[in-house]
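**Q** Pasting a structure below so you can have a look.
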Amino acid sequence: MSSLSTSDLASLDDTSKKEIATFLEGENSKQKVQMSIHQFTNICFKKCVESVNDSNLSSQEEQCLSNCVNRFLDTNIRIVNGLQNTR
């Protein structure tokens, strides 16, 4: 992957600059979602998995993890929707 210098970016037309800015915003959003999911999974793993004795999780552990992460995601979606409605 090649890198762009400041002079390269300055020489771009406004449309290209906007496209790059939009792309970067999208990538930042994706990164934030991935970080949140990682954080939720980590919290839920600590909550749901008491010990690692096997290479597989028990059905109770799997269900707990799934429910836990889904509740975190549901909560975040409600918060985002609430924030958007207040704007």
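Cβ atoms are placed via backbone N, Cα and C, with glycine included.
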**Q** Scan CYS64, CYS68 and flag the one Swiss-Prot records as disulfide-linked to CYS44.
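**A** It is CYS68, per the disulfide annotation in Swiss-Prot.
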**Q** According to DSSP, collapsed to three classes, what secondary structure does CYS68 (disulfide bond) have?
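**A** Its secondary structure by DSSP: helix.
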